[in-house]
Amino acid sequence: MPVLCSSCGNKRAVLKRPKTGHSLCKECFFWAFEEEVHQTIVSAKLFNHGERVGIAASGGKDSTVLAHLMKLLNERYNYGLELMLLSVDEGITGYRDDSLETVKRNEQQYELPLKIVSYEELYGWTMDAIVKQVGLKNNCTFCGVFRRQALDRGAIILKVDKICTGHNADDVAETVLMNVLRGDIARLRRCTAISTSSEGDGVVPRCKPLKYAYEKEIVLYAYFKKLDYFSTECIYSPNAYRGYARTFLKDLESVRPSSIMDVIHSGENLSVREGVKMPQQGTCNRCGYISSQALCKSCVLLEGLNRGLPRLGIGKHHRLHDKILSQQPLTEKEERKLKAVDF
Amino acid sequence: MCQVDEDYHDQFEHADPPSVSKKCVKCKEATAAVVIRARDVYCRGCFKEYFIHKFRAMLGKNRIIFPGEKVLLAVSGGPSSCSMLSQVQEGLSQNAHKKLRFLPGIIYIDEGGAVGQSVKDRLRMVAELQAVFKATGFPFHIVPLEQVLDLPSSVVMKAPSPSEQPASAYKAAVDNFIQNDSSSCLTPQEQEETSLPDVQESHTQLLQQLIGSAKTLTAKEDLLNTLRQHLLVHTARTEGYSKLMLGDNCTRVAVKLLTSISLGRGAQLAQDTGFSDFRYDDVIFVRPMRDYSAKEIAYYNHMFKVPSVFIPNLDTKKTDKASIQHLTETFVTKLQTDFPSTVSTIYRTSEKLQTACKSSSTADHSDRCLLCMCALDTAVEDASAFKATLISEQLSGATTTEIPRQNPTPVNTESTAPTGQCCSSETGEDCGRAASGGGSCSSAKAPETTDLKSLLCYSCQLTIKDMSSVDQLPQYILSEAHRRLMRSQMREVISGFLLDDGDEAD
Ligand SMILES: [Zn+2]
Ligand SMILES: [Zn+2]
Ligand SMILES: [Zn+2]
Ligand SMILES: [Zn+2]
Ligand SMILES: [Zn+2]
């Protein structure tokens, strides 16, 4: 006997919601999923009428579903937003070429303007070239730092008021766990925020409309909606630390499906002891981007790449920042330390 | 898409192989016998001194146990709590200025009934522990968990506020104690022959039904933990102890922290893992062992022949994914073998969390969770994981339920639903079961799961949700639940006539 949809009670259920365990028909699932994201947007007051909003588009499932939903909800609920797609071309042969094709198709399908900013034009280095110099082990340091800034720079070129990213509930929960494992209390406190207000010049406010959407439901939604997305993982694999947190979260979810939300609830309700030192946010002396050090991470990494000292941005070398800024030569010992790279 | 948005390199330092036949780093003479961390190697004598000093330093730093105070040591029989017991003995036998100055007693809670041990096994275990306890000369209490069924509601009610003890009081108490010190106050009370108090078989069955009503091992373990705490607090109160020492070590604290996060207990992390826990007002829990790693304790117990007893628990011999608690423990243990800084890093996180605000005596007690007694964390803003989950459930449930549009308190809406209507979307499953079993849905006596939820914190709600029915809960919990629900209904009726939010003390 077919299972009936628990919401409308007359159609046949086609899926079991990973988030609640309810059996739903396709239409009721679409409706519930869309409505939830709408509720998130409204209750967290993510946007204001008339704003220009850049959707960070990578061609992957999260950002494709995000672009689809933003377009749909903007029309359904009359948000009055001017939407556009914003993509970063890291310069990864095979991976990014294909995913950018997907983004370009999305541009057509959703009739949203698209802007692509490339690492090559911003930094003079493609990811492929970076990997050649720093090896596979450390490339994600670059990937993450450069990506963050690239989105901001693209957003400034597009003159958007806000960027929304495809981070989903799994990503947020994973980050909470990861920051606990790293003992990073400052990030632990920040990482559950659904939106960041402008932290300084050159940083565009960001938000995560899919913060409470389960990754599995995003896949289900994309599958039943037959959305066009690119599903290959980044060939420069993510770092080990996130890997541990991810595996652990997946295991938690298999024991108790609400775990993802439970971890986020924990993160949202942590209180940090007063007097615990939080890093001071300043700006980079070279490019003006926010930074807790004299030089922002991205400038340090670039300096390292350009001088053939790739380890500069990988270890903790804050002491050397002043030297770099004032263009003093490094000692032989310092040079040796910064050159060695294990592949 | 590459998910990495920040840099996470140099996190883990890999383990250095322990260096062989090194000299002790402390005295630099004797050959090292213990490797604590890569470069910290101690000889036997220096290790003992270090270990003992750490215990006294922990108590000295926190200044929470007053001289002459009665302190109850919760001993489970495991290495950590047995080591704690030996440290207290050690501390009492030290010479004057290093001497611990409180009056210890021991409590062991026999959970054999809950984990399905035979009476014979339980008796054997109790006898074993009794021998250990007797050797200390401290008064001890062996309490079967079955006694939790007969607790009074006062356990989950607000305790009379303890007299204020300002920081200066500590020093005054020390001075006073030193002047009047006579070793006589440490003479143990006459110890009568204690054996396992009679446990009625029917009580053991009730306890098993209660634990059995939790459908998942995660909920079973959580429930057991709550019941154990209630029994500890009650015993401490009736026997006149104002502090309760728990044997949680650093490894345990790290596991507990990650477990609490995974169970949605983020708001209660500081109480669950900190040095002191004030949630029970007049009985303060302290964790003096939280600085010791499991490895250190194992070394110490082995070297100095500290006895401990293996006690099986609910998840003994279960698979890794049997429960969240067990899964987390396995995860941390595995990660620790690969990356020896894992436990200490997580532990440091616990140090940076807000310690529970010393129970604000003004706060209405109904603001606290009925089960874990922590402040309720469910009155959150609309944009939150808690509200998002409620919305998801309402949106995929029966169409009769409406979506709360910007309703600030969906929890209360639920709890004030007419008690006769029990077939809400969330408990539909249970009602089906009750109906097929011939049970009626009337809720005249016991509060329904949905009613109860409004009295619980986020995490305890998850536990209750995993239970097939709340009818099995002990009477003291159900009657306090009833009382609180009545109060909140009354408050609602008269709310229009109250001039401010001020609630008269119950
Ligand atoms: Zn339906
Ligand atoms: Zn990467
Ligand atoms: Zn910079
Ligand atoms: Zn020594
Ligand atoms: Zn609770």
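Every residue gets a Cβ built from N, Cα and C, even glycine.
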ATP site partner of A:Ala56, A:Ala57, A:Ser58, A:Asp62, A:Gly166, A:Asp171 (as recorded in TrEMBL), chosen from A:Val37, A:Val88, A:Val145, A:Val203: A:Val88
Considering all pairs of residues in A:Ala56, A:Ala57, A:Ser58, A:Asp62, A:Val88, A:Gly166, A:Asp171, annotated in the record as contacting ATP, what is the maximal C-alpha distance expressed in whole angstrom? 20
Helix, strand and coil residues within the domain 'Cytoplasmic tRNA 2-thiolation protein 1 C-terminal' (A:282-312) as assigned by DSSP: 13 helix, 4 strand, 14 coil
Comparing local Cβ density (other Cβ atoms within 10 Å) for the binding-site residues A:Asp62, A:Asp171 points to A:Asp62
For A:Val88 (ATP binding site), what residues in its own chain, 6 or more apart in sequence, show a Cβ-Cβ distance under 8 Å? A:Ala56, A:Ser58, A:Ile116, A:Val117, A:Ser118, A:Tyr119, A:Arg147, A:Ala150, A:Leu151, A:Gly154
Counting only other Cβ atoms and using a 10 Å cut-off, which of the binding-site residues A:Ala56, A:Ala57 scores lowest? A:Ala56
Are there binding-site residues in A:Ala56, A:Ala57, A:Ser58 whose CB lies under 8 Å from a CB of chain B, and which ones? A:Ser58
What does DSSP assign A:Asp171 (ATP binding site), in three states? helix
Can you tell me whether DSSP puts A:Ala57 (ATP binding site) in helix, strand or coil? coil
Under a three-state reduction of DSSP output, how is A:Val88 (ATP binding site) classified: helix, strand, or coil? strand
Local backbone state of A:Asp62 (ATP binding site), from DSSP in three classes: helix
